[in-house]
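Notes to accompany the following structure.
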Amino acid sequence: ATVHKVGDSTGWTTLVPYDYAKWASSNKFHVGDSLLFNYNNKFHNVLQVDQEQFKSCNSSSPAASYTSGADSIPLKRPGTFYFLCGIPGHCQLGQKVEIKVDPGSSSA
């Protein structure tokens, strides 16, 4: 199984412009893999939301929230998963990512 470090060395941030959609499209996600969000938890968090909330940057009722600054999130089932930063304005700056998980497990 693969650990996918969101944003690679940049991490989960708004300090530099980062294309999280491009990062996601350049990775293959499989059941059993995990996401690692690295960030300063004074300034950011990670919320799992649905598609509508993702599109509108709505962080009012997330399915899950993570605040450790080094969050490992297992990808337990296939489908599309949506994550954003719940700090006001950050999602609008592009701090959000859509993860498409393939049904098959990775061959690692």
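Glycine too: its Cβ is placed from the backbone N, Cα and C atoms.
Listed features, source Swiss-Prot:
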- 2-103: domain 'Phytocyanin' (DOMAIN)
- His44, Cys85, His90, Gln95: Cu cation binding site (BINDING)
- Cys57-Cys91: disulfide bond (DISULFID)
- Asn58: N-linked glycosylation site (CARBOHYD)
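The Cβ of Gln95 (Cu cation binding site) has 24 neighbouring Cβ atoms from other residues within 10 Å, across all protein chains displayed. Broken down by DSSP into helix, strand and coil, the domain 'Phytocyanin' (2-103) contains 12 helix, 37 strand, 53 coil. Here the domain 'Phytocyanin' (2-103) returns a mean pLDDT of 98 for the predicted model. Gln95 (Cu cation binding site) is 10 Å away from Cys57 (disulfide bond) when you measure Cα to Cα. For the pair formed by Asn58 (N-linked glycosylation site) and His90 (Cu cation binding site), distance between Cα atoms is given as 11 Å, rounded to the nearest Å. Within 8 Å of the Cβ centroid of the Cu cation site, not counting the listed residues His44, Cys85, His90, Gln95, the chain contributes Trp12, Thr13, Thr14, Tyr39, Phe43, Asn45, Leu84, Gly86, Ile87, Cys91, Leu93, Lys96.
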